[in-house]
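Engineer: Not my notes, these are from Swiss-Prot:
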MOD_RES   A2  N-acetylalanine
REPEAT    109-150  repeat 'WD 1'
REPEAT    153-194  repeat 'WD 2'
REPEAT    196-234  repeat 'WD 3'
REPEAT    291-330  repeat 'WD 4'
REPEAT    357-396  repeat 'WD 5'
REPEAT    411-450  repeat 'WD 6'
REPEAT    490-529  repeat 'WD 7'
REPEAT    532-574  repeat 'WD 8'
REPEAT    578-618  repeat 'WD 9'
REPEAT    626-665  repeat 'WD 10'
REPEAT    714-752  repeat 'WD 12'
REPEAT    803-846  repeat 'WD 13'
COMPBIAS  810-824  compositional bias 'Basic and acidic residues'
COMPBIAS  1214-1225  compositional bias 'Low complexity'
Amino acid sequence: MAALAAGGYTRSDTIEKLSSVMAGVPARRNQSSPPPAPPLCLRRRTRLAAAPEDTVQNRVTLEKVLGITAQNSSGLTCDPGTGHVAYLAGCVVVVLNPKENKQQHIFNTTRKSLSALAFSPDGKYIVTGENGHRPTVRIWDVEEKTQVAEMLGHKYGVACVAFSPNMKHIVSMGYQHDMVLNVWDWKKDIVVASNKVSCRVIALSFSEDSSYFVTVGNRHVRFWFLEASTEAKVTSTVPLVGRSGILGELHNNIFCGVACGRGRMAGNTFCVSYSGLLCQFNEKRVLDKWINLKVSLSSCLCVSDELIFCGCTDGIVRIFQAHSLLYLTNLPKPHYLGVDVAHGLDSSFLFHRKAEAVYPDTVALTFDPVHQWLSCVYKDHSIYIWDVKDIDEVSKIWSELFHSSFVWNVEVYPEFEDQRACLPSGTFLTCSSDNTIRFWNLDSASDTRWQKNIFSDSLLKVVYVENDIQHLQDLSHFPDRGSENGTPMDMKAGVRVMQVSPDGQHLASGDRSGNLRIHELHFMDELIKVEAHDAEVLCLEYSKPETGVTLLASASRDRLIHVLNVEKNYNLEQTLDDHSSSITAIKFAGTRDVQMISCGADKSIYFRSAQQASDGLHFVRTHHVAEKTTLYDMDIDITQKYVAVACQDRNVRVYNTVSGKQKKCYKGSQGDEGSLLKVHVDPSGTFLATSCSDKSISLIDFYSGECVAKMFGHSEIVTGMKFTYDCRHLITVSGDSCVFIWHLGPEITTCMKQHLLEINHQEQQQQPKDQKWSGPPSQETYASTPSEIRSLSPGEQTEDEMEEECEPEELLKTPSKDSLDPDPRCLLTNGKLPLWAKRLLGDDDVADSSAFHAKRSYQPHGRWAERAEQEPLKTILDAWSLDSYFTPMKPENLQDSVLDSVEPQNLAGLLSECSLGNGHTSPGEGLVSYLLHPELGSPKEDNRGHPSYLPLQREATEASELILCSPEAEVSLTGMHREYYEEETEAGPEDQQGDTYLRVSSVSSKDQSPPEDSGESEAELECSFAAAHSSAPQTDPGPHLTMTAGKPEYPSTEELSQPELPGLGNGSLPQTPEQEKFLRHHFETLTDAPTEELFHGSLGDIKISETEDYFFNPRLSISTQFLSRLQKTSRCPPRLPLHLMKSPEAQPVGQGGNQPKAGPLRAGTGYMSSDGTNVLSGQKAEETQEALSLLDRKPPTPTSVLTTGREQSISAPSSCSYLESTTSSHAKTTRSISLGDSEGPVTAELPQSLHKPLSPGQELQAIPTTVALTSSIKDHEPAPLSWGNHEARASLKLTLSSVCEQLLSPPPQEPPITHVWSQEPVDVPPSMAVTVASFCAPSPVDMSTLGLHSSMFLPKTSASGPLTPPAHLQLLETRSRVPGSTAALLEPTPDASGVIADSPGHWDTEVPTPELLGSVESVLHRLQTAFQEALDLYRMLVSSSQLGPEQQQAQTELASTFHWILNQLEASNCMAAANLAPPQTLPSPDPLSLPTLCPLASPNLQALLEHYSELLVQAVRRKARGD
C-alpha cells in the first residue's frame, strides 16, 4: 500500500515528498522498505543549540484557535472602535478580525483559565478575570499583547469585569462564595471602593456617565454609586454605596443580563430574567415596565442606541425598540443541530428551515456600534456575526462551529499524490464528547472538490455518531447554576479515540461506551458498528502498510486488546489479555515483521511479534518490561526502531522495539508537578512533543532530550497532539473543547527537513538485504536481520554509539539450536541489576547467550536472580517453561521433524502420542480433544456491499490448543445459554487439523504467591501436572460441585466499565476541585480501578456469581463474550442446579475402559475447581445424558442452604490480585495466559491458606487430598499407597504443598445426608477423622469472605432484580457469622453412624479422634439448622394467602429442592441403613469394604493414574539422559 498510516509515518513517502518540494519537482512513490534508524546519539549536527528562556518560548507560536469557552456575555466583548471581537478560549484571549478572518492571541501569564473579559472604551486594553484560588484581575495591551497591570483582590474566581466609560475605574465581581465587589483604580493598582454581595451576581453594566453601575443576579438588581467628591478626599478603600432596584412582584426572578441605556435612553436600565421577562428601570431605580418574551428561557441582553437584543432558547434573538420596548423582529436562527455543513454551499441554505429541528440556545451577545454588527455565541459553541443595519434584511458576516465538549483525539489525514485521497491535503480530524467527528482544513487553496461551506471557513464535515444531537449543546449552561458550579454529565457519551486507515479510505473510532465503528471516508457512511469492549475504548491503531497485512487493534479500559483483520471485513483475529489494568496505548511497529507494543496503567510494556498460523495471524509475547511508574502514552519514530513512552514521573523513556531494552530516559516536562500524559514523535523522528497534566506542552529533541520549546494556553490537560506532514504545524486538543494550531519556528522546520534528507541519503547508499525467518526453531526471539547501519560521522561516535550500531546484529543473529535443552540463565525479576549480575552478563545492555556460557560456574544468590535450572533433577518443562514466554514459535518453515521434537509439551499430549506410537488404546485415549473454533458465519452485507456488523470469527488462540471438555458443560447450560453454546460449537473437525505444533494452556492458582522454599524445578514439575490434568475428564458433577469455593460476589460484565462520575462542565471553567479533577480521572487515575472495575487480576480470577449463571449480560460485546467464555471454562466448571446434584451413593462407578468423550469448548484451558485444582471422577456418560434430560424438564434451582456448609474451599480467593501493584516481570509472567496468546505453561501457585492450622469446630472443608495424607498429623507416618505408581511418586519428591499432589489426589465426597436427628453423640469412622484432620477450616469471624451471600440461598428471578432473601435466611446467614453460634451443638442419633460405617469405601478403621467428632457435630448442626430454616420458610410461603411472583418462584424452588433431597435419600438407601445400623457401632476393619470418600473404585481410573505416573517417570528419565 502506498498510504501513510495515521498513527505513524512512512519514511520513504515523507522523504520523497519533502525532497520534491524542495527541488521543485513532483513527488513520486517509492515502495522500498525504510532503512534502519541511526543510533540515538548520532544526530549532533542538526540538533538545535541551547537557547535562552525567551527564545524557547518564542520558537513555537499560536497560529489559530478553533474553540470558545465563553459561557455567558462576560466571556464575549467587542472593540467599539474597530469592531474586533474578543472571546475566551481556555487560557487565551482570542481577538478576531471578522473581515479578514484573522486572529490575535493574548496568553494568560498563569495557567489558570480565564472567566471574564471586557474591552476598554478606546479599544487599547482588555481586562480579564481568572478562575481558581486567589484569581488576578489583569490589564492587557491589545497591540503589544503584554500585561499592563495586575490586581489581586479576590479569593475564589472572578465572575465579571468591566471598564468605566471614562476609563478611570475597573469593576470586578467575584463568584458567589467570594462575595467581593471591587472598584479598582487600575492605573494606581489600588482598590477605591469595595463591598460584599451575599447573592450570586451574573452580570454588570456601567452607566454612560460612569456615575454608577448595576449588578444583577439571583433575586438581585442593585445600583452602585461612585461619589467623586468622597473619592477625592479619601485615599484608602471606602465602602461602596449600593441601592436595590424596586422589583415589585418580580422580586423572585433570577436576572441574567443587564445593560444601561445609551443615547436618549441613558438614564434607563434594561434587565432580562431567566424566566423570559424584559424589564426597564427608570432613573429612580423603579421598575417602569416589563415585557414577556414568550420563550421558555432567556439568557443574555445587549443594547444599542436604538435597539435591544434579547438572546433566548432555541436560537431565538428578539429585537425591540429601546425607547418604547416595541417588538420589531427576530434575528435569523443559526444552523439546526445535526446540520450537514458539507451541504451548505449556498447562502439560502442558512435560511432553510427544517421541520421539527432543534436549534442551539443563545448564551452571549455583544454589539459593534461602528459596523452595526451583532455577535452571538450559541450553546453548541458556535459563533455568528450578523449585520443588523437593516433589521429587515439581516445577513451573516462570519460564523464558525466548534466542539462543545471535551476534545479527546486528533488525527492528520495522510497525503497522496494521486486521486485516491478522500479528503484534501492538510485535513485533520478531531473527536469529542459531543458525539461528533469533525474534519478541518486551514488551507485556503485546498481541493476544489471540497468547496467552502457557508457555515465555516475551516470546517469541512461533521459526522454525528448515531445521529445523536442531545450532547451537542454545552451542558454547563444551565439557568439554575452559575459558571462556578459543576454539573453532572453523561460520562458515557462521546467519541474517545479514532484512527485513519493507511490507505485513507476508512476511519475507525471508539466511543466512551466501548463501541467500535468504521466509517468510509468517501461518503462518510458508517460501515460497521460493534460492541467491542465493556468500557471506553482508549486507543486504536492500524498496522503499517510495509508489513503487507492490514490489522486494526483496539484497546480499552477493560484491559483487553482485540485484533481485527481489515482485509477480512474486520473479522476478529485475536483477543489479548496480558494487561492487568487499563491499556493506555497500543502501537504497531516493524517494516516486514509485524510487531505490536502496548503499555498500560499496570506499569507494563508488552512487546509482541506476529506469527502466521493456519487459522490466521496471532501475536505472541516476546518481551515484557515492568516499570515502577504508570505509562500513559507512547509513539514510534519513523524508523520503526524506537518507541518513546510517556511516564507518570514526567520522564520519557525510549525503548528498542526489537529487544525491548531502554535506550534513553530524559525529562519530558520542564515543571516539577504533574505527569506526562501524551507523547508524539514528528514525521522526521527529530523531535517529540509531550503534554503534561500541568497543561503544558514541550517540544524535545528526540536524541538528546533537550527542551526545544514549551507552550501554554490550554485550560485543561492536553488530550491529543499531532504534527502535520509538512513539518510546519503542531495541532493540540484539550479537555477545554479547544483545538490549537501551533506554528513551528523556521529553525525547527528546517531541522526536521534536514534530518529527513539525511535519512534519504543513507537509504541511497545502502543495499537493503532480504529479511527471512531462521530455519530451525530457536529458543530466542525471532527477528529479521537488518541491513548495515552507516553513521553520519563515525569519527565523532562515542562508545555508546558504537555499541548501539553493533547491538542489532548481536541480538538478531541468535544461533539456531537443534535440541530443546536451554542455556542456564538468570531470571531477572526486579528492575535494574546489581553489579554482580552485570558482571555475570558481561555487559549492561547486550545479554546474549554467550555470556551465560562463559559464566556457568557462577551461581548468584539473591532476590534479583534465581536459577532457571536445578540439578540433578530435570523436568520435561526445562526446555520451554521459561523460553516459551518469550520465544514465538514460527509456523512457517517448520518441518515435521522439528514438530516431533517440540510436541507434545504436556503429559496429556505425551499420553496421546505414546498411545498412537505403541499401536494400542490406552486408558486415557479419548480424554483429550482439540479446541474447536466455531464460526458465526460470514458478515451480512448491506446495500452498499459493506458488512453491517462485525463478525466474530474463530477465537484468536494459537491455532488449536489441546483441552479437555467435560460433557457436563452442556448440562449446565439452560435456555438461551445452551442455544448460544451450541451455536458456538458447530465447527467441524476440519478446523483442528494441521495445528499440532501449538502448546497446551495450563491453569494455576493466581491469587497467592508460591511458597518461597519451593524450588524452580519442583514448581515447573507441578506446572507440568497442572498442564496435564487440565485435560483430565470431569464427568462427576455431584461431588465436584460440593467442593465449589466460596467467592466474593463480583459484578457482571455489564458493570465492568468505568462508572459515571460528576465531572467538569464542558466549558473551560474548572471552578471547583471536582471539575479540575475530572479530566485527570481519565489519565492519572487509570490505575485506580473502582470496585466495579475488576481488572486487577487475570481473567480466571473474574468469577461469575451464583445468580448470573443463567442470565446473559445484556451487552454482548466482544469483551463480554471473551470474559464469559473464560469465566465459564477457565477456573470453575459450570455448576448444576441443586436438584441435579447426585449423592455419592447414587452415582454408579464407571466400569470398562470407555470414558466419555470430551466436548468442544472455545477456551484454551481445562476445567478447574474453584481452588484451582482439577477433579478426577469416574461417572458414566449415561448420567450426563440423564442430567441433560432433567435439565430440560426442571427449572434451575439455586444452591440452597443445605450446601452452604460444603461450599467453602481451602481459602476464599482474594478480591484484589497482587498483580495490581507489582512491578515484577517474573510475577506477572506467571499469571494467566491469554486465550489468544498461548505462551506456555504457567508456574502453579499454592494458596497460602493451605498451611493454616486446623480450627476445631469450624466448617468442614472439602478439598482434594492425596492418600499420603491419610496418616495421623502427629506422627506423620505415610500410609501405603493403594493406587498409582510408587516409584514415580517417590522419585518426584512431591511435598504436601505441591499443586500437582492436589491435582492427582482423589476428591472427597460430601457427607451423607440423613433426616434422623437427635442430641446424642455419634462415632465417626477413623478414615473421616484422618480426612478432616487434613482439612483447613476458615476463620469464623466473617463468613462473607467465604461467599456466604444472600444470593446463594434464593435465585435471581430476572436479570435485573434479584429476590430479596426472607428473614429466616438472613437470620441463618447472620448466625453463621457469629463465632459463638456453634457453642450448642445438636448431634445425630447413633443410627446415623451406621450410614457412614456401612457405606462402601472407607480407607481405614481407626478410632475417631475428639477433634473429628467436634467437626462432624458442627457440620450436622448446621445441616439441621439449615434444613429447619428452609422448612420454616417453605411453610411460611405456603401459608401466605397473597404471593408475588418472586415468592411463588421461591416456593417452587424450595419444593423442588425438598423433592430432590428425598429422592437422593431413597436412592442411596440412607434411611434404611440408618434404621438397621446398631447404635454406637464402629465399622469393622473389613478389607473388602470400600470407603465412601474414595472415588477410585473404578479400576479403569486407577489404571489410568498408574499409566500417567509411568509415562511421567519415563519422560523425566528420558529428559535427564538428554534424549
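Cβ coordinates come from backbone N, Cα and C, glycine included.
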Engineer: Using DSSP, what is the helix/strand/coil residue split across the repeat 'WD 6' (411-450)?
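Structural biologist: Split into helix, strand and coil, the repeat 'WD 6' (411-450) gives 0 helix, 12 strand, 28 coil.
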Engineer: Reported in the order helix, strand, coil, what are the DSSP residue counts of the repeat 'WD 8' (532-574)?
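Structural biologist: Tallying H, G and I as helix, E and B as strand, the rest coil: 6 helix, 21 strand, 16 coil.
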Engineer: Taking DSSP states H, G and I as helix and E and B as strand, how many residues of the repeat 'WD 10' (626-665) are helix, strand and coil?
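Structural biologist: Split into helix, strand and coil, the repeat 'WD 10' (626-665) gives 0 helix, 23 strand, 17 coil.
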Engineer: Grab the pLDDT values for the repeat 'WD 10' (626-665) and give me their mean, rounded.
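Structural biologist: Looking only at the repeat 'WD 10' (626-665), pLDDT averages out to 95.
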Engineer: DSSP says what for the repeat 'WD 5' (357-396): how many helix, strand, coil residues?
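Structural biologist: Per-class counts: 0 helix, 21 strand, 19 coil.
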Engineer: Helix, strand, coil: count each for the residues of the repeat 'WD 3' (196-234), based on DSSP.
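Structural biologist: Each residue of the repeat 'WD 3' (196-234) counted once, the result is 6 helix, 20 strand, 13 coil.
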Engineer: I'd like to know if the repeat 'WD 12' (714-752) touches the repeat 'WD 6' (411-450) in this structure, counting it as a touch only when three or more C-beta pairs sit under 8 Å and are separated by 6 or more positions.
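Structural biologist: These two stretches do touch.
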Engineer: Can you count helix, strand and coil residues in the repeat 'WD 12' (714-752) using DSSP?
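Structural biologist: When I sort the residues of the repeat 'WD 12' (714-752) into the three classes, I find 7 helix, 18 strand, 14 coil.
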Engineer: What does DSSP give as the helix, strand and coil breakdown of the repeat 'WD 1' (109-150)?
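Structural biologist: Split into helix, strand and coil, the repeat 'WD 1' (109-150) gives 0 helix, 23 strand, 19 coil.
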